[in-house]
Structures are given as C-alpha cells and as structure tokens.
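Q: Below, the features straight out of TrEMBL:
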TRANSMEM  53-74  transmembrane segment
TRANSMEM  86-106  transmembrane segment
TRANSMEM  113-136  transmembrane segment
TRANSMEM  142-164  transmembrane segment
TRANSMEM  185-203  transmembrane segment
TRANSMEM  261-281  transmembrane segment
TRANSMEM  317-335  transmembrane segment
TRANSMEM  347-369  transmembrane segment
TRANSMEM  381-400  transmembrane segment
TRANSMEM  406-434  transmembrane segment
TRANSMEM  470-487  transmembrane segment
Amino acid sequence: MATLTATTAIPNEDERQIRIMPLELTTLNGNAVQQNEIKLPPRQYERRERLIITKNVIIIGLAFMIHFTAFHGTSNLQSSVNADKALGTTTLAVIYGSLILSNIFLPMTVIRWFGVHLTMSLAFFAYMPYIAAQFYPRFETLIPAGLMVGFGGGPLWCSKCTYLSTVSEALTFVRGHQSRKDVNTVKFFGLFFIFYQMAQVWGNLISSSVLTLSSPSNESNFQNISNIQLVAELCGARYCPGIDSEANPNLIPPEPAKIQLLNSIFLICMAIAFLLMFFGVNSLKRYGVKRGETEEGLSGLKLLTATVNLLRTRRQLLMLPITMFIGLEEAFLAVDFTKSFVACGWGISNIGFAMICFGIANAVAAGFAGGLAAKLGRTTLATLCAIVNVSLLLYMLYYTAQPNDYIKYCAFAAIWGICDGVWLVVVNAFYGILFPKNLIAGYSNFRLWESTGSVIGYVISSQLCTSTKQMLLIFVLLVGCAGYGYIEYHISKKQKHLENMLKE
C-alpha cells in the first residue's frame with residue numbers, strides 16, 4: 001500500500017510534515033483496503049483544490065461506469081452466446097479463479113511499482129483483451145483474456161479505494177471547508193458507487209438494444225414448435241445442459257453481425273474509460289504519494305498466512321457458508337438464470353432487459369440496507385432477506401416456464417437484486433464487527449470464499465440441471481443462515497451480559 005503524504009500547493013521553506021501511522025481499514029463491495037493517514041503539512045490547500053478533488057472522484061466514477069458497462073454487458077451473455085462446450089461459463093470461472101490469487105498477491109506489488117493512478121489505468125487496459133477476444137471466441141483466446149481480467153481486478157479495486165481514501169483526507173485541509181475524513185470517505189465512496197451500479201443498467205440496455213435490432217418476434221419462433229407445452233418442459237428449473245436451439249428456437253444465438261457490432265461498441269467503451277482515467281484524473285503526487293513508497297504491512301504470503309490462520313476461529317468457519325452462498329447466487333444469476341429462464345423462455349436478445357431490473361433493484365437495496373439495518377436491526381433484516389430469498393428460490397423451482405412471460409422474468413431478477421444487495425451489506429458489515437483486530441485477514445477471507453463460491457457456481461453450471469442447482473442454493477443458504485444466526489445469538493448474549501455487569 002502506498003504511503004500517503006500531502007504537500008501544500010504553495011511551497012513553503014518552513015513546511016514540516018507530520019507522520020501518522022495506519023489507523024483504519026475501509027471496506028466496500030467486498031474489498032478490504034488498509035488506509036494510511038496522510039503526511040500533513042501545517043498549511044492548508046487553496047479553495048480550488050476542492051473542485052479538483054471532486055472532479056477527480058467524478059471522473060473515476062464515470063470511467064468505472066463506462067468500463068464496467070462493457071464488462072457486465074459482455075459477461076451476462078457468456079452462457080448463452082458462447083454456449084458451445086461451456087466456453088462462456090469456463091471463461092467466467094477462470095476470471096474469478098484468477099481474481100482470488102490477484103486479491104492476495106498482486107495489489108501491494110503493482111501499486112508499489114506503478115503508483116495508484118497508473119495502476120488504475122493499466123488495470124483498465126488489462127480488461128480490453130477480454131472484449132477483443134469476443135470477436136474470435138475460442139478457448140485459446142478467451143481463457144488467456146480471462147486470466148488478464150482476473151489478475152487486473154485485484155490491483156484495480158485496491159488502487160481505487162486507496163485513491164478515494166487519500167483525497168478524502170486531503171479535502172479536510174482545504175481552506176474554508178470544514179469536514180471530517182470519515183464523512184468525506186462515505187460521501188466519495190457513495191458517489192462512486194452511484195456511477196458503478198449504473199454500469200449494470202447501461203451495459204444490459206446496450207446489449208438488448210443491439211441484439212433486438214430487426215429481430216423477429218419470439219412468438220413467431222414458437223410457432224415452429226408443435227407443442228408449446230414442450231417449452232414448459234425445457235425451460236426454467238427443468239432446464240438441463242444439452243438443450244440447444246434445435247429444441248428451442250429462443251436459444252438460437254444472435255446473428256454474428258450483431259455480436260460483432262456489440263463487441264465493437266463495448267471495446268470503444270473500454271478505450272474511452274482508459275483515456276478518461278489516464279488523462280482526466282490527477283496523480284496523487286500532488287498530495288505527496290510517490291511511486292515506490294509503501295508501508296510495511298500484510299501482503300503476499302503474509303496476507304495468505306493471516307487469512308488461513310483466521311480459519312482456525314469458530315466465527316470464521318461459521319461464516320463460510322453464507323459467504324460462499326453470495327458467490328454461488330451471483331454465479332447462478334449470471335449464468336443459469338439468464339439461460340434457463342430468460343433466454344430459454346424469452347430469448348437471448350432479451351437477457352439485458354431482465355438484468356436491467358436486477359441492476360436497478362440491487363443498487364436501491366444496497367443504498368437503503370444500511371438505514372434499514374439501523375432501524376430494524378441487523379438480525380431482523382437478515383431474517384427477512386432469508387425468508388424472501390428462500391421463498392423466491394422455491395417459487396422458481398416449481399414455476400412452469402411460459403413463452404414470453406417477461407413480467408415474471410423481470411420480477412425474478414428484481415427480487416434477486418434486492419436480496420443480493422441486502423446480503424452484501426449485512427455480511428460485509430458483520431465481518432467488520434466480528435474481526436475488529438484482524439480486518440484485513442477477515443475481509444480477505446470474505447473475498448476468498450465469495451470468489452470460491454462463484455467459481456464453483458460457474459463450474460457446476462454446465463454439469464447439473466437448474467433444479468439441482470436451485471436446491472443446492474437453498475441448502476447452502478439455510479446452513480449459512482444457521483451459522484450466521486448462531487454467531488448473532490452469542491454476540492447478543494455477551495452484550496446483554498456486559499450490560500448487566502455495568503448496571504451492577
């Protein structure tokens with residue numbers, strides 16, 4: 001992690017710098033980043049620095065939104081567009097598998113070599129071969145490209161968190177601007193995730209708009225099926241690997257010309273995002289962060305050792321099932337729901353419309369989950385989320401798929417988005433409560449086991465029927481809730497005991 005320093009915009013011979021050691025760790029979206037306080041001069045920044053800082057945060061948000069518009073839009077189509085020999089799902093498994101290693105071993109080293117700003121730019125560039133490989137989708141092109149995405153992901157998210165944390169600190173030293181670092185951090189991360197969450201919406205909107213250009217109606221496709229009841233037997237929970245376009249015309253891949261057009265648009269999006277990041281964002285050198293300067297801390301093998309050691313604790317072991325469930329359900333949504341329900345029953349070109357519902361609901365739920373947890377209580381919110389989640393999975397398990405039942409498909413995606421948003425907030429916050437003295441190792445375990453769940457979900461996608469995977473999700477969720485509830489019960493019991501002792 002880069003050592004954070006700040007120097008005033010107006011040189012002063014009498015300047016002196018005060019060093020403050022690392023105090024806290026910021027976690028957002030499953031990422032854990034140790035924050036190092038800035039070396040602060042006694043003089044403040046000029047007022048215009050506030051505008052520069054705000055401009056940088058907005059451009060970073062825009063760049064991420066444009067970049068992940070392309071990535072999410074492409075990834076959501078992989079199981080349907082690159083279905084031959086499970087190429088698409090295998091590529092996604094490779095991405096998340098390499099991301100596990102990337103999160104542990106690469107961020108500290110890459111940031112030390114290139115600096116925070118350049119790391120974000122280069123990480124964006126590492127994603128571009130993944131889109132370029134879609135022009136010629138083969139194992140020999142997509143698998144190496146997937147590895148590049150995974151290895152670029154760890155440094156990207158770590159450097160982003162570091163940049164936002166640094167400018168949050170710098171803003172507290174702008175003349176005439178009274179603010180606290182923790183308040184600035186929440187505001188900047190909140191602003192960033194408003195942009196980021198919209199990537200899911202724009203990516204799917206672009207993909208569906210392109211793929212539905214001059215497309216024949218899905219209803220005409222089903223006129224070729226002698227018995228519409230056959231669709232009910234093939235789609236939804238009854239879908240199994242091996243069902244192809246010969247059995248269901250909805251699974252016919254889009255025309256190659258449309259795929260090439262979509263890939264071209266997404267590749268241009270990533271190029272624009274790279275240019276925005278590289279030329280539009282100021283380097284942290286203006287705040288004294290220099291390339292190659294690092295704090296001694298957990299990295300590489302040390303972080304891996306700390307992560308493994310935490311697995312010896314009962315609390316961490318009990319949290320593994322619910323953590324893996326988050327990865328499993330995200331993989332199921334991206335691969336199995338999009339193909340078994342939406343593509344099979346509504347058409348591949350309409351996947352994006354359903355996923356837009358997920359993206360909007362997910363962003364809204366994540367935004368309100370913190371306030372609901374404070375009002376209702378974390379345990380109550382988690383319980384309600386579990387009930388809704390199990391009910392949804394059971395309903396989808398016994399739901400009989402119907403051609404063009406777009407209202408149900410969009411409703412499924414929206415409710416799934418609400419549950420996913422709540423789980424991410426609740427479980428992330430709970431890790432911070434459980435491991436206050438081992439935050440880095442705790443959140444490293446979160447990322448490790450969430451990614452492991454995703455990899456398992458992508459691997460079994462091409463091996464098991466959808467109904468089997470839904471029952472597996474229900475089982476893991478129930479086990480995870482049991483472990484989570486057990487820990488909450490013991491924490492509540494200890495708190496009541498301490499309160500009674502204080503009263504006495």
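The backbone N, Cα and C atoms fix where each Cβ goes, and this holds for glycine too.
Relative to the rest of the structure, where do these features sit?
A: Among residues of the same chain six or more beyond the transmembrane segment (53-74), those with a C-beta under 8 A of the stretch's C-beta atoms are 120, 124, 127, 130-131, 134, 149, 160, 163-164, 167, 170-171, 174, 188, 191-192, 194-196, 198-200, 202-204, 206-207, 262-263, 265-267, 269-270, 272-274, 276-277, 280-282, 352.
Remote same-chain residues near the transmembrane segment (86-106) are listed as 75, 77-80, 130, 137-139, 142-143, 145-147, 149-155, 241, 299-300, 303-304, 307, 327, 331, 334-335, 444, 447-448, 451-452, 454-455, 458-459, 461-462 (criterion: CB distance under 8 Å, separation of at least six residues from the stretch ends).
A Cβ distance under 8 Å defines the sequence-distant neighbours of the transmembrane segment (113-136), meaning residues of its chain 6+ beyond its ends; these are 2, 60, 63, 67, 70-71, 74, 95, 142, 144-146, 148-149, 151-153, 155-156, 159-160, 162-163, 166, 259-260, 263, 266-267, 270-271, 273-274, 277-278, 281-285, 289-292.
Tertiary neighbourhood of the transmembrane segment (142-164): same-chain residues 1-2, 4, 26, 28-29, 31, 33, 35, 56-57, 60, 64, 71, 82, 87, 90-92, 94-108, 110-111, 116-117, 119-120, 122-127, 129-130, 132-134, 185, 188-189, 192, 281, 284, selected by CB-CB distance under 8 Å and a gap of 6+ residues from either end.
Long-range neighbours of the transmembrane segment (317-335) within the same chain, counting only residues 6 or more positions beyond its ends whose Cβ lies under 8 Å from a Cβ of the stretch, are 75-76, 78-79, 88-89, 92, 96, 311, 358, 389, 413, 416, 419-420, 423-424, 427, 430-431, 434, 445-446, 449-458, 461, 469-470, 472-473, 476-477, 479-484, 486-487.
Only residues 6 or more beyond the boundaries of the transmembrane segment (406-434), in the same chain, are considered here, and those with a CB under 8 A from a CB of the stretch are 27-30, 315-316, 319, 322-323, 325-326, 329-330, 333, 337, 341-342, 345-346, 350, 353-355, 357-367, 369-370, 372-373, 378, 381-382, 385, 388-389, 392, 396, 399, 442-443, 445-446, 484, 487, 491.
Counting same-chain residues at least six beyond the ends of the transmembrane segment (470-487), those with a Cβ under 8 angstroms from any Cβ of the stretch are 237, 315, 317-325, 328-329, 332, 379, 382-383, 386, 389-390, 393-394, 396-397, 427, 430, 434, 460, 464.
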Q: Can you tell me which of 185-203, 261-281, 381-400 gets the most C-beta pairs within less than 8 Å of the transmembrane segment (347-369)?
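A: Out of the listed stretches, 185-203 contacts the transmembrane segment (347-369) most.
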Q: Please indicate, using numbers and ranges, the residues of the same chain that are 6 or more beyond the transmembrane segment (381-400) and have a C-beta under 8 Å from a C-beta there.
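A: Tertiary neighbours of the transmembrane segment (381-400) are 232, 236-237, 329, 341, 369, 372-373, 408, 412, 415-416, 418-419, 422-423, 426, 467, 470-471, 473-474, 477-478, 481, 484, 488.
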